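Here's the structure we're looking at; comments come further down.
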């Protein structure tokens, strides 16, 4: 079996060395070349035709974002960003995902070598996934998002739960942007490390008609609001009297993830049941599949993103295979379908 060919681009000689060491330690991949900046990388891409690029976010001569934008326009290929755990780093990384990067890994703030080596399996997993991923389709013209109209005011009992992983930041944006302010509350788990979820929520809040925020423990769940699970904390739905409430916990990872989609879906099945719609979007692995089955069995209507519009079809595929999905839809139909089901209650249940 041929190895996955990787080009590493980083202005730090130490990082290039560490990434090479990590990647070459896995038998199914190899670093074919390294570059200290995007201008050198441009020539090496032509020479070595790599399958995956790892790209530092902040570099001299041409920064990672400028290079990524040009690359995705002229020679689209799977890119895994390497980002710092800073506010600026998270903002740039989210912009990179918007431009078409498949995923990202974070540099530890202290003990670079030890920290990166500890991420060896995760880095290898992201490279394997990137090599097989479907590149996000970038629109050539920026069309304004059409807000869904004629959404009646609904009972505060109505709720939407969304789970996503790889490719999910852009998928979630596509789902939330058309929603009117009268939408029901949304609880969202996106696999993402601490330090990124707050920036992600703030970015979405600027783009959407609804209010988008990082979830806080104990706050009341309100219509017209979307609550994003904080990195490294499970997000659950709870009740306080007649109202829904956010619960955050630091329990062990589920399906290797914290936050976990299964944890969210199971709590929504318990407390919202047939008042809920569950949505599983693009992502690697099986997190959310068992929880979606519980949602389905509790009477919720369940949607999965179709393979053609997923960056990675892993999570939707597993949910479909378990029998917990009512309807499989293209990403551009998700917003309309979930609101239609919320409005119709169980009348349109398949």
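Placed from the backbone N, Cα and C atoms, the Cβ positions cover glycine too.
What Swiss-Prot annotates here:
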| type | residues | note |
| --- | --- | --- |
| DOMAIN | 5-122 | domain 'Response regulatory' |
| MOD_RES | 56 | 4-aspartylphosphate |
| DOMAIN | 153-345 | domain 'CheB-type methylesterase' |
| ACT_SITE | 165 | active site |
| ACT_SITE | 191 | active site |
| ACT_SITE | 287 | active site |
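Within the domain 'Response regulatory' (5-122), the DSSP-based counts of helix, strand and coil residues read 57 helix, 28 strand, 33 coil. The shortest Cα-Cα distance from residue 165 (active site) to any of the recorded positions (56, 191, 287) is found for 191.
Cα-Cα distance from residue 56 (4-aspartylphosphate) to residue 191 (active site): 21 Å (rounded to the nearest whole number). Residue environment of residue 165 (active site) contains 27 other Cβ atoms, counted within 10 Å of its Cβ in all protein chains. Contacts of residue 191 (active site) defined by a Cβ separation under 8 A and a same-chain sequence distance of 6+ are given as 164, 165, 166, 168, 257, 259, 261, 283, 287, in order along the sequence.
Counting other C-beta atoms within 10 Å of each candidate's C-beta, the recorded positions 56, 287 are led by 287.
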